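> According to TrEMBL, the feature transmembrane segment maps to 45-64, 76-94, 100-119, 140-158, 164-184, 196-214, 226-246, 367-389, 395-415, 427-443, 466-484.
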Amino acid sequence: MAGGGAAPPPKQEEMQPHPVKDQLPSVSYCITSPPPWPEAIILGFQHYIVMLGTSVIIPSALVPQMGGGNEEKARVIQTLLFVAGINTLCQSFFGTRLPAVMGGSYTVVAPTISIIMAGRYSNETDPHEKFVRTMRGTQGALIIASTIQIILGFSGLWRNVVRFLSPLSAVPLISLAGFGLYELGFPGVAKCVEIGLPEIILMLIFSQYLPHAIHVAKPVFDRFSVIFTIAIVWLYAYILTASGAYKNARTRTQVHCRVDRSGLISGAPWINVPYPFQWGAPTFDAGECFAMMMASFVALVESTGTFIAVSRYASATMIPPSVLGRGIGWQGIGTLLGAFFGTANGTAVSVENAGLLALTHVGSRRVVQISAGFMIFFSILGKFGAIFASIPLPIFAALYCIFFAYIGACGLSFLQFCNLNSFRTKFIMGFSLFMGLSVPQYFNEYTSVAGYGPVHTGARWFNDMINVPFSSKPFVAVLVAFFLDNTIQRRDTTVQRDRGYHWWNKFWSFKTDSRSEEFYSLPFNLNKFFPSV
């Protein structure tokens, strides 16, 4: 027989593309289906460990510039964790009701540094007094800035904006919410490559290879890979430190590699309950408030993308705009709480914890609520919390390489709703992603060389209002995509399908899809008093 060795023709179903899914399949536990309590507690602790990275990195960068030492740094970290725990609980009960961890925001760092460098603090000779005065100035700016999120969220204004968001314009926003944080990934690993690189390798082995090589009744290696690998690499880092491997190393290497250089354990009190205005009464400066308000708006936009990613990895349907607006309003309350307590930082959805949902395949609301309990518990027991917070930062950077990649990939996955054979789709997607990377790169390069941003006038607050948003990759990307997607051939019925708008149209009202009630309705019968539209 001629051609007897040739492969048989493929079956018809094998030639079909993968079907589009409103909800992500293969998630073990979705929002409303919690794992057993022992497993939920361990997973909650894992979320706590992951969010420690940002909670330590931001105060460690800001507090020394403010004039604070190890004691102040430890107290600010404790306060940030305490407020994050409260905000996470509020968001899961009354906000979007998604399993979203609410942590610190990198977007707020730039205007905070502007406040630190303000002339009225430069004459202060006592470092502690300078720290307190700067902290109070930051608190005042954040109190005013929180009103942007509260007003846009609860008034319904943000809900009306989100209704114009299609899957096509959401792709650049969500993708760069993850991929745009690449500078926090491997560059952080490389600061102590002998610790960071083993963490990446072990994470890949535990999460991707061992589950298929060693068959157990329940998923263990991938679901708890963060705890397994951090324990191994942290012990390895301790052995290197104790053996004197870094005895004669440069100061910078010692700071990043040694397990005893954070100063957090010695600086943290045994028991400390953060309380509002613990640093004194806030002070207000109009220019700083305007700059912080713009940063607050950028954080709001970035969190919108991360909320959508969290809903996807929790196997929920697309968030109705009214629910998203409610979540943004509670994010504003979170920023206000942070300002009252004195965290020197705003509030945003933790991108790394959203990525952890993908790694574990567990999107349970209860798990994240348990993690909030750990945040509050360890923030009060200062010494114990400081032990975990002193994990070398290159270990966290290694985790970010995986978690941020998951969020970036989630953004790209929304292309399944779009027509990828359309030149309009290709242009909007490609141009917005490119500009989202290219414009902030220009702003950041300019700043690193000149010491100030491209917009450099005598008014520092005005400079921040322009430089901060255009240094945010997700913000620039969604600004370009949103504008183009809603102006180029918008009324063409074919274009409506090409951009995937018809897939999300049924979720734009809370009552259109019955699943919205299951995932997003308020507890304690509160929907009667605060109905979603």
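Yeah, the Cβs are placed from backbone N, Cα and C, and that goes for glycine too.
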> When you check the transmembrane segment (427-443) against the transmembrane segment (164-184), do you get at least 3 Cβ pairs under 8 Å, counting only pairs 6 or more apart in sequence?
yes
> Do the transmembrane segment (164-184) and the transmembrane segment (466-484) come together with 3 or more C-beta pairs under 8 Å, pairs six or more apart in sequence?
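Contact between the transmembrane segment (466-484) and the transmembrane segment (164-184): present, because at least 3 Cβ pairs are under 8 Å.
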> Suppose I define contact as three or more CB-CB distances under 8 A, residues 6 or more apart in sequence; do the transmembrane segment (226-246) and the transmembrane segment (466-484) meet it?
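They are not in contact.
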> Could you tell me what the rest of the chain brings near the transmembrane segment (45-64), counting residues at least six beyond its ends with Cβ under 8 Å?
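Residues 72-73, 76-77, 80-81, 84, 101, 103-104, 106, 109, 112-113, 116, 131, 224, 226-227, 230, 262, 264, 344-345, 350, 352-353, 356, 360, 367-368, 370-371, 374-375, 378, 388-389, 391, 393, 396-397, 399-400, 403 contact the transmembrane segment (45-64) from elsewhere in the chain.
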